[in-house]
């Protein structure tokens, strides 16, 4: 039965000794964000009224990293078991709400599975997430009588007969707040580990005649926890394979699904093609018929229809209108904007710069703090000199300007419409419309010149 309100407790107090890291285990990233953030996001999508995060090791770093004012931080000063962790959060439970218990190191749990668990919770009983494993060694076993769940026995406390049981406890459960507080108050640490097990509440509920409803996840990987980097890397590949499958089934062509990483959210139009070893980070939108070459990194950007990004280009916090082409080996830094049909070639870097419609910067160029008009040609080796060592200044180039190779534009400077800047020119003053500007050292010819001879 579904109650009107639900809060979530996320256990995240463990140090993660087997990670061999100074960083708290739950802050190690999967798909570009901390494991615990995946769990927080699932709780939020599920409609949690409150999320209680039980922390211990590395608490300050956790707070600095997550920066979530909506979290209720609950300190577990000593790690004395899952039951003890829940006891620390219990004072915050309302009697008339359901409490869902999750883990910060189980990052792949899905909203769909949690919703089924929530729906399955009996009135006054417990909803329990379980799985069946071919090798259940090390896990708490689900005990049943006549098909009904009666309790959970931890592996170290289990008899030989109980260790043959393949159904195991995932640790994820949901119960009413008032019931949970009552059961938590009855926990003891009379076991092989000397800890307070949350799993003991199953037997307490059964003794009261309460029903325990067991639910299985859609995929076993949803309940896989992380104790070391090997396990984390395996979950990363599982997650990425799932994302690649979703994209392929939605019409996106991934040339090699095993070599694609999604570390954020990707929205795609029709007939998008993505080559191998592409990384998508943050929030990215790809329009219709976009092509992304091998080895590219796209982060927090919008790519318009019919754009083509050639191999090994990096696009971050940029906006490309329709039919733009960039790369190979191009870099668009935050604030880069390409209007329709613009071209940025190999070894061109843009930052806080706008390249107008049909304009081109073919190669070996830096455009920073610049506003460039339509139909402009930027020659090879052009540099906008935007920084004087203390402050940044802007370069403005009008429509239909031709900038020759090896040009330096010393900002602040404005180049008028239709102007031509000869190759090798250093522009330090504004240029009027349709002017030709050149600044070169006179060329000297010396006939019969001989090179110096090396001294022996």
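Note: Cβ is positioned from N, Cα and C throughout, glycine not excepted.
Going by what Swiss-Prot states, the acetyl-CoA site holds 380, 386, 387, 405, 440, and the candidate of 419, 423, 432 recorded there is 423. Contacts of residue 81 (UDP-N-acetyl-alpha-D-glucosamine binding site) defined by a Cβ separation under 8 A and a same-chain sequence distance of 6+ are given as 189, 193, 195, 196, 197, 198, in order along the sequence. Using a 10 Å Cβ-Cβ cutoff, residue 440 (acetyl-CoA binding site) registers 10 neighbours. Comparing the binding-site residues 105, 154 on other C-beta atoms within 10 angstroms of each C-beta gives the minimum for 154. Summarising the environment of residue 333 (UDP-N-acetyl-alpha-D-glucosamine binding site), the number of other Cβ atoms within 10 Å of its Cβ, over all protein chains shown, is 16. Per Cα geometry, 386 is the residue among the binding-site residues 380, 386, 405, 423, 440 nearest to residue 105 (Mg(2+) binding site).
Sequence-distant contacts of residue 405 (acetyl-CoA binding site), defined as residues of its own chain at least six apart whose C-beta falls under 8 angstroms from its C-beta, comprise 379, 380, 381, 382, 423, 424. Here the Cα atom of residue 333 (UDP-N-acetyl-alpha-D-glucosamine binding site) is found 37 Å from that of residue 227 (Mg(2+) binding site).
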